[in-house]
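Record features (Swiss-Prot):
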DOMAIN    4-216  domain 'Glutamine amidotransferase type-1'
ACT_SITE  Cys82  active site, nucleophile
ACT_SITE  His191  active site
ACT_SITE  Glu193  active site
Amino acid sequence: MMATVTVLDYGSGNVRSAVRALERAGAEVTLSAKADDVLNADGLVVPGVGAFATVMKELKSVDALRMIGRRVAGGRPVLAICVGLQILFEAGVEHGNSEPGMGEWPGTVELLPADVVPHMGWNTVQAPADSMLFDGVRDERFYFVHSYGVQHWDFDVTQPKMKPPAVTWSEHGAKFIAAVENGPLCATQFHPEKSDDAGARLLKNWVDSLPATGRNQVA
């Protein structure tokens, strides 16, 4: 049985490349913002292009924040891309204005302190040895397009047996978070769908990790 994946359709630019890349990775893909598709797919992909505050507003307009939250609370796989990663943190600061994020992870999205922004092009990453997403592509380069990033990570593991998230880093002016793997909740700052063979392998790693049980109901 093929894993079912919904790419969240909320007006975030051209997502067709993500749909095609996920199909090549072996998923049955639906582009939708309908609750049935978002909640019941084996995996949900949250793309994001543009300003933090704008993306948050667009997600709210289709009730996506609640649906993403339900999936996370239910332990259902989610992969967020680019600004999709950023909105999972506590806040985003753009042009002096702070916008609350979903708060799944601690941290603030801020302008990268680099001479040239946006950070546009290929860059290497430093993935942890136990990374599922980067299995087979730890030494590869990925494609980034962003001006903002999370430059600090301070995750408090409150439960003794809780496994801390696997955090992957890259650098442009300063170190920033390139990816996070937190159980069923994963996110990348780069665009795997635009990252050639390395991105294709990463997406296949994620699709292969899905339960592939069809459209299960979320309680």
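Here the Cβ of each residue, glycine as well, is placed from N, Cα and C on the backbone.
Within 10 Å of the C-beta of Glu193 (active site) we count 26 further C-beta atoms, all protein chains included. Contacts of the residue listed as 'active site, nucleophile' defined by a Cβ separation under 8 A and a same-chain sequence distance of 6+ are given as Pro47, Gly48, Val49, Val145, His146, Thr188, Gln189, Phe190, His191, in order along the sequence. Looking only at the domain 'Glutamine amidotransferase type-1' (4-216), the predicted model's pLDDT averages out at 94. Residue density at His191 (active site): 20 other Cβ atoms are found within 10 A of its Cβ, drawing on all protein chains shown.
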